[in-house]
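> Look at TrEMBL and you will find 1-58, 64-159, 259-353, 359-454, 460-557, 657-751, 757-817 tagged as domain 'Fibronectin type-III'. The annotation domain 'Ig-like' is assigned in TrEMBL to 163-252, 561-646.
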Amino acid sequence: RESDHRAWTPVTCTVTRQNATVQGLTEGKAYFFRIAAENIIGMGPFTETPKELVIRDPITVPDRPEDLEVKAVTKNSVTLTWNPPKYNGGSDITMYVLESRLIGKEKFHRVTKEKMLDRKYTIEGLKEGDTYEYRVSACNIVGQGKPSFCTKPITCKDEIAPPTLDLDFRDKLIVRVGEAFSLTGRYSGKPAPKVTWLKDDIVMKEDDRTKIKTTPTTLCLGILKSVREDSGKYCVTVENSTGSRKGFCQVTVVDRPSPPVGPVIFDEVHKDHMVVSWKPPLDDGGSEITNYIIEKKDAHRDLWMPVTSATVKTTCKIPKLLEGREYQVRIYAENLYGISDPLISDEMKAKDRFSVPDAPEQPIIKDVTKDSAVVVWNKPYDGGKPITTYIVEKKETMATRWVRVTKDPIFPGTQFKVPDLLEGCEYEFRVSAENEIGVGDPSPPSKPIFARDPIAKPSPPINPEAIDKTKNSVDLSWQPPRHDGNSKIIGYLVEYQKVGDEDWKKANLTADSCPETKYKVTGLTEGLTYKFRVKAVNAAGESEPAYVPDPVEVKDRLEPPELILDANMAREQHVKAGDTLRLSAVIKGVPFPKVSWKKEDHEVSPKADIEVTGVGSKLEIRNTVHEDGGIYSLTVENPAGSKTVSVKVVVLDKPGPPRNLQISEVRSDSCYLTWKEPEDDGGSVITNYVVERKDVASAQWVPISSSSKKHSHMAKYLMEGTQYLFRVAAENQFGRGPYVETLKPIKAVDPLHPPGPPKNLHHVDVDKTEVSLVWNRPDRDGGAEITGYLVEYQEDGAEEWTKFQTVPMLDCVVTGL
């Protein structure tokens with residue numbers, strides 16, 4: 001029945017199951033239902049639903065929540081967000097259940113205890129390094145829905161992000177002195193970066209004027225009341241474990257300049273003007289100096305007058321001065337930001353500084369004849385007073401005394417014809433100027449001239465021809481010209497031209513560098529063809545050119561090397577030690593061969609002087625020693641071939657010391673010496689050996705043989721018991737070599753031998769523990785007195801002898817047996 005009706009309406013009476021579907025109901029209305037069971041006897045009592053049911057679609061649990069995301073991870077927390085399910089199951093969501101599972105475990109555990117409707121949650125208290133996955137479910141009145149899809153496994157660790165840096169300032173910043181400035185910006189990074197400020201690569205710290213402020217996201221450096229020294233390159237570094245970022249700013253703190261650097265120098269002083277100079281300021285205030293302001297004042301007045309404010313040079317002319325007055329100058333430097341303090345000069349009087357005239361420049365001589373010449377000069381600086389006269393002097397070039405050419409004054413002209421020269425003599429001339437102060441210094445002497453009538457240019461040289469060539473040079477030859485123009489030929493000018501070019505190039509710049517009738521033109525390019533011409537030159541000038549008939553192609557003329565040996569390069573060269581060894585040879589070949597000296601196929605000694613000229617080579621060794629001997633070879637080589645010659649050099653010298661001096665067969669009056677010949681015989685046969693001896697107590701060596709050719713000697717007539725040293729030296733025709741000496745003194749004594757055996761040993765008495773023995777003296781005592789007898793005994797059958805004692809007499813009682 002409907003809840004607001006009283007009447008029941010049957011649904012069906014044919015239901016045999018324990019459920020039934022009621023159809024034909026109206027959505028939104030409330031109904032009560034009742035059921036009764038029925039059998040063949042009849043129908044039983046009804047059972048009624050306890051409360052009304054509103055008819056609507058069925059309610060289910062919600063769908064799974066969507067977009068479960070991890071928003072932040074640290075070493076002990078994870079923050080998650082998600083979106084609600086697409087369908088809430090027909091009922092409002094009452095809460096969300098968040099679950100986590102430690103990777104490696106099977107079960108999910110609920111994270112939230114409380115009822116949670118927020119769609120964001122931070123799980124805290126996790127263990128660093130652990131890895132979890134998460135899921136979330138939605139609940140409604142029906143119950144808990146399906147869980148969302150799991151997150152990826154999340155490991156608890158601090159997030160890492162490289163630093164970022166966003167600056168509010170540009171690369172360059174200009175600040176006026178006294179103003180404050182700040183450098184600001186924003187930064188980020190995980191873990192939180194460290195912020196460092198540097199100026200000119202030095203870490204900055206806070207002080208009265210420097211303020212550094214850093215928040216988790218912003219950074220700031222402030223400078224209060226800036227000074228010039230605050231200029232520099234500022235750098236901010238943002239750094240964490242993942243990297244670093246840097247920002248730079250070139251800060252220029254500008255000010256008016258410092259004063260110009262003194263002292264003020266008075267470069268020129270005149271009666272109506274002065275020229276002063278100074279040095280720029282040490283500090284331009286960080287901005288280029290735009291100009292200097294110059295003022296002047298009479299030293300006895302207080303008023304400064306402007307001179308100029310437009311100069312950028314560090315020099316200035318101070319005009320409009322009154323002669324005889326003293327003046328001071330002051331100078332300011334100016335830049336865009338202001339005017340410096342002034343630099344003030346000392347006082348200076350305005351007056352002319354007069355002097356004698358300067359020396360004229362070197363005079364020029366023209367129109368020379370056999371008895372006269374014209375001297376020409378330029379007017380010099382007059383020293384402040386007008387020049388009144390010039391003094392012209394002459395001298396013969398070999399003489400030392402200058403002579404005035406006339407007593408008459410020479411003025412105002414600056415040239416003078418000098419008369420009365422001697423034909424053929426060589427003269428120099430000089431000029432000085434005079435004013436009312438005095439005579440100035442003379443000019444440098446003119447170039448020397450010969451007093452003779454003018455001369456003509458020579459005729460051209462005759463028959464120029466190319467007589468030799470290499471890959472970069474050509475040798476030319478010609479005959480002198482037929483006419484020398486009444487003047488000695490100074491020399492010749494040689495010119496060449498590459499075939500196809502128009503310009504002629506000079507091979508020699510001056511004629512006096514080629515006085516002969518031949519010349520080697522160098523610096524040419526291999527394989528090219530050149531034309532050549534020659535001019536003769538005398539004092540009058542150059543002749544017309546004479547041409548080599550045919551062009552010449554520049555390439556090497558090949559001639560194999562040739563050696564012409566000097567006498568000192570015979571097959572064997574003997575030189576005495578201490579003398580000089582000279583080896584030399586004439587060398588020919590085109591191109592000139594490369595020369596190398598070797599000794600036994602090695603480089604020659606550094607003490608050897610080797611000289612190579614265009615015609616030969618020489619090797620010289622001064623103060624030769626025996627080691628300089630050997631086989632020397634000279635090799636010459638060019639592209640056409642090579643040639644080698646050798647010479648054996650023997651350096652003759654005194655022999656070396658004998659070897660292996662031995663002493664044997666020492667007696668009371670003699671001993672026997674033996675030795676071996678020296679390793680080095682000095683290049684000559686050893687003629688004899690010198691043997692000497694010396695008493696240890698004496699300083700004098702005594703010769704005992706000087707003519708022996710043998711390697712042994714019997715030293716006789718020694719004093720018994722005396723200690724001797726011996727020495728031996730070898731001699732050849734060049735002298736006596738060094739001695740070899742015995743290392744230890746030899747004592748002249750007969751050799752000692754052990755004594756003979758005692759004779760006739762027998763016992764004379766026997767007891768149970770002792771035996772009495774007697775014996776006779778031995779036949780020989782070995783060369784020394786017998787000091788005692790050693791008694792030993794041996795048990796019969798044993799191997800060892802047992803020492804008993806040493807006795808001085810010829811008998812002994814052996815006890816303890």
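Just so it is clear, glycine is given a Cβ too, placed from its N, Cα and C backbone atoms.
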> When the domain 'Fibronectin type-III' (657-751) is classified with DSSP, how many of its residues are helical, how many are strand and how many are coil?
0 helix, 47 strand, 48 coil
> Would you list the DSSP helix, strand and coil counts for the residues of the domain 'Fibronectin type-III' (259-353)?
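Here the numbers are 0 helix, 50 strand, 45 coil.
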> Mean pLDDT across the domain 'Fibronectin type-III' (757-817), rounded to an integer, is what?
89
> Can you count helix, strand and coil residues in the domain 'Fibronectin type-III' (1-58) using DSSP?
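Computed counts for the domain 'Fibronectin type-III' (1-58) are 0 helix, 16 strand, 42 coil.
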> How do the residues of the domain 'Ig-like' (561-646) split into helix, strand and coil according to DSSP?
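Reading the DSSP string over the domain 'Ig-like' (561-646) gives 6 helix, 53 strand, 27 coil.
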